[in-house]
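Trainee: Below is the structure I would like to discuss, written out as structure tokens.
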Amino acid sequence: EHSFFGSEWKKRWCVLNRQTFCYYASEKSKQPKGSFSISGCSARLAAHLRKDARRSCCFELTCPGKRTYEFTAPSQAEAEDWVDQIQFLLKDLSSLTIPCDEEDEEELYNDVDSSDSMNTTSPSTTLNQEEEPNLEMEDDIYEVLPGINPQEP
């Protein structure tokens, strides 16, 4: 809000869920003072919001057709983190795949040991119709262990 002396900042506690940004009046508030969907919004650092030493801590969340929400974080690193997290979720919302940072990208999971892979057949190998797999099964699937008499309770 703006006053005669300039902008007045109100302290809020914010929570970012997958699609919703909520803000609370205090750290102990159970009900949000407000909330909005971040779908279609954009986030960016916004040093122009303040003229004092905290200008590097500012960011804004612009929701087309609604309004622009302006924030000052406790530090520049936290402001950057908020923007990064919001942008990550926005990228996730607009994609059918899960986004990942290139630096976090891991090698694809391979559950086959390389020594075992040499002994396996390739998926393109087919059985000849003349070759039938051995389907014989043993009649007795139970094994009698020595020293145990199955007749005793």
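Cβ coordinates are placed from backbone N, Cα and C, and glycine is handled just like the others.
Quick caveat, the model's predicted, so the values are computed rather than measured.
The domain 'PH' annotation in TrEMBL covers 1-91. As annotated by TrEMBL, compositional bias 'Acidic residues' applies to 104-114, 129-142. Per TrEMBL, the feature region 'Disordered' maps to 104-153. Sequence annotations record features per position, and here TrEMBL assigns compositional bias 'Polar residues' to 115-128.
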Trainee: Counting by DSSP secondary structure, give me helix, strand and coil numbers for the domain 'PH' (1-91).
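Mentor: Once the DSSP states are binned, the domain 'PH' (1-91) shows 24 helix, 33 strand, 34 coil.
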Trainee: Let me know the model's mean pLDDT on the domain 'PH' (1-91).
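Mentor: That stretch averages a pLDDT of 88.
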